[in-house]
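Chemist: Look at TrEMBL and you will find 1-15 tagged as signal peptide. Per TrEMBL, the feature ATP binding site maps to Lys38, Val39, Lys40, Thr157, Asn264, Phe265, Arg266, Lys284. Here TrEMBL flags Cys87-Cys136, Cys97-Cys120, Cys103-Cys130, Cys188-Cys198, Cys232-Cys241 as disulfide bond. Under the heading N-linked glycosylation site, TrEMBL lists Asn155. According to TrEMBL, the feature transmembrane segment maps to 310-332.
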Amino acid sequence: MWFDFVFFLSQPLSCSWVFLWEKGYQETDSVVSSVTTKVKGVTMTNTSALGSRIWDVADYVIPPQEKNAVFVMTNMIFTLNQSQSHCPELPDDNTECNNNSSCVPGYVSTHSNGIQTGACIPYNSSIKTCEVFAWCPVEDDYHIPNPAFLQGAENFTILVKNNIWYPKFNFSKRNILPTFSSSYLKNCIHDAQTDPFCPIFRLGKIVEAAGQNFQEMAVEGGVMGLQINWDCNLDRAASHCVPKYSFRRLDNKDSANTISPGYNFRFAKYYKDSSGIETRTLIKAYGIRLDIIVFGKAGKFDVIPTMINIGSGLALFGVATVLCDIVVLYCMKKRYFYREKKYKYVEDYELGTSET
């Protein structure tokens, strides 16, 4: 019967798929990984607030080291020379006022910069707001610099050092391959075509490889993922176990959803002036956070999974006939015809014990 034949023929094919293509003869293990990063690059800005200024790694990598990640600042809002004193709050629907009765002493909301004193004072020549006790002058982050403050961040480079270990096989390796020379490592930049194993990445090319525009992303920031895949067949030489890099944007960039886009946070630099008053420079930093995600699986020949898969395959051959019979004899339209051909019915009779 054709169904029986096809089903029977499919068994060696499926067994071959599991055993050879899926490497059913191997024991497997998941990767254990550690990652460190090093950023390099210098750029210059020239603004009315800060004048000419050089920015190096100590300025734009915050914090200097993270676990499996690195943040590079690309844009910022400065609030210079803040000190703790009394000043007008930023104007909005809850802080604008006409007289003191509109301001509640001690009131503070989620979005307040300080604690209200109860006074209504001029914010500028046309608007009055409630006075607050806060770090003054308060931050005004309504207008984000566009283009980004550190446009040169596109050319910053990131060295990613990745060490991996497969404990079951006691196999370890790193993404700086043994074939690399010192001169090559100093000058290479990762490229999927010409330098696919170089561990030094240009920030602009990472964003570009994920299908994004760097200068647009640098304005409000974002989160990028650098994926390192270590799928290794340890039955082959160790030189064949190499990393594969891929890139994607991890935060949601949706033109229809523009609420709280990108990635930003605040930090401050504190100091005391000549009179001993504590002051600070507040920075709202926008930038690109690069998360390094390492995954992989290694396999190596082992007699136990080999015997298990061989036994499972042989068991399938025995089940094939039973399953075919059930389908053909009970499920198909011509089951009565097949049943007549499969079974031969004979009449039951007894031989006579005496003859007349």
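Glycine too: its Cβ is placed from the backbone N, Cα and C atoms.
If you look at the structure here, what lies around each of the features I listed?
Modeler: Taking a C-beta cut-off of under 8 angstroms and a sequence separation of 6 or more, Phe265 (ATP binding site) has the following same-chain neighbours: Lys284, Ala285.
Taking the Cβ of Cys87 (disulfide bond) as centre and 10 Å as the limit, one finds 19 other Cβ atoms among all the protein chains shown.
Annotation for Cys120 (disulfide bond): spatial neighbours Cys97, Asn98, Asn99, Asn100, Ser102, Cys103, Lys128, Thr129, Cys130, Glu131, criterion Cβ-Cβ under 8 Å with sequence separation of six or more.
Cβ neighbours within 10 Å of Asn155 (N-linked glycosylation site), excluding its own Cβ and spanning all shown chains: 15.
Note: Cys198 (disulfide bond) has non-local neighbours Tyr184, Leu185, Cys188, Ile189, His190, Asp191, i.e. same-chain residues 6+ apart with C-beta under 8 A of its own C-beta.
Residue environment of Cys241 (disulfide bond) contains 19 other Cβ atoms, counted within 10 Å of its Cβ in all protein chains.
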Chemist: Please determine which of the recorded positions listed here (Val39, Cys97, Cys103, Cys188, Cys232) has the lowest count of neighbouring CB atoms within 10 Å.
Modeler: Cys188
Chemist: Looking at the disulfide-bonded residues Cys87, Cys136, Cys232, Cys241, which has the shortest Cα distance to Thr157 (ATP binding site)?
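Modeler: Closest by Cα: Cys241.
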Chemist: If we check Cα distances from Cys87 (disulfide bond), which of the recorded positions Val39, Asn155, Arg266 wins as closest?
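Modeler: Spatially nearest to Cys87 (disulfide bond) by Cα position is Arg266.
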Chemist: Highest Cβ count within 10 Å among the disulfide-bonded residues Cys130, Cys136: which residue is it?
Modeler: Cys130
Chemist: By a simple count, how many Cβ atoms lie within 10 Å of the Cβ of Thr157 (ATP binding site), its own Cβ left out?
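Modeler: If we count other Cβ atoms within 10 Å of Thr157 (ATP binding site), we arrive at 16.
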Chemist: Based on Cα distances to Cys136 (disulfide bond), point out the closest of the recorded positions Lys38, Val39, Asn155, Cys232, Arg266.
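Modeler: Answer for the nearest of the recorded positions: Arg266.
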